[in-house]
Amino acid sequence: MKMRIQIFFILSLFSSISFASVQDFCVADPKGPQNPSGYSCKNPDQVTENDFAFSGLGKAGNTSNVIKAAVTPAFAPAFAGLNGLDVSLARLDLAGGGVIPLHTHPGASEVLVVIQGTICAGFISSANKVYLKTLSRGDSMVFPQGLLHFQLNSGKGPALAFVAFGSSSPGLQILPFALFANDLPSELVEATTFLSDEEVKKLKGVLGGTN
């Protein structure tokens, strides 16, 4: 019986290892099927050095929008070589007063490093405890997987930061957009958020929601 348990444990351990760790890499094939562990692998004969490089983070994003912020992601499959390696990154540009609203990454934890400006960042634990920190150039902060967190430009000029994730596809859900940028009926939003009808319709108008 003890031997069976040991064998089961070993098999479970090996089954949890990503496909990319069995081979050298698993470059994403965007034309193939996607599963919870990532994209299917590109034919190794078709893989080139370009699959392992990404040049999209050197240019500032467009912050002319309602949140005065831009996120430039380097995720799979756009950065195909990341597939299966449990790592990715993104660039954050925040104009004056810009904010990345409360959001979560269901698939990964996040580490942020400030390159320029001052950013007020924080997250809320599952016990509803708030962890808040004002970050300056060179400062870093970690945001645990799945917890609500935000970044706000609290300085006088623009702010720039880079973030890294523990997944090639960390996922993203922005709370205000999830509530007010879709067709969820206003009466349900009001009932579940304790906001008035006027407040809900105002936010839906700003973020493009209906009903």
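From the backbone N, Cα and C atoms, a Cβ is placed for every residue, glycine too.
So that you can see what the record holds, here are the features copied from Swiss-Prot:
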SIGNAL    1-20  signal peptide
DISULFID  Cys26-Cys41  disulfide bond
DOMAIN    55-201  domain 'Cupin type-1'
CARBOHYD  Asn62  N-linked glycosylation site
BINDING   His103, His105, Glu110, His149  Mn(2+) binding site
Next item on the list: Would you list, in sequence order, the residues of this chain other than His103, His105, Glu110, His149 that have their CB within 8 A of the centroid of the site's CB atoms, where the site is the one recorded for Mn(2+)?
Entry: Thr104, Phe123, Phe143, Leu147, Leu148, Pro170, Leu172
Check: How many other Cβ atoms sit within 10 Å of the Cβ of His105 (Mn(2+) binding site)?
Finding: 22
Item checked: Cα separation, His105 (Mn(2+) binding site) to Cys26 (disulfide bond) (Å, whole number) -> 23
Checklist line | Sequence-distant neighbours of His103 (Mn(2+) binding site) in its chain (C-beta under 8 A, six or more apart) | finding: Leu148, His149, Phe150, Leu172, Gln173, Ile174, Leu175
Checklist line | Secondary structure content, the domain 'Cupin type-1' (55-201) (per DSSP, counts of residues) | finding: 22 helix, 56 strand, 69 coil
Checklist line | Integer Cα-Cα distance in angstrom, Glu110 (Mn(2+) binding site) to Asn62 (N-linked glycosylation site) | finding: 22
Note to self: Given a 10 Å Cβ-Cβ cut-off, pick out the one of the recorded positions Cys26, Asn62 that has the most other Cβ atoms nearby.
What the structure shows: Cys26
Check: How many neighbouring Cβ atoms, not counting its own, are there within 10 Å of the Cβ of His149 (Mn(2+) binding site)?
Finding: 22
Next item on the list: Using C-alpha atoms only, work out the spacing between Cys41 (disulfide bond) and His105 (Mn(2+) binding site) and round it to an integer in Å.
Entry: 24
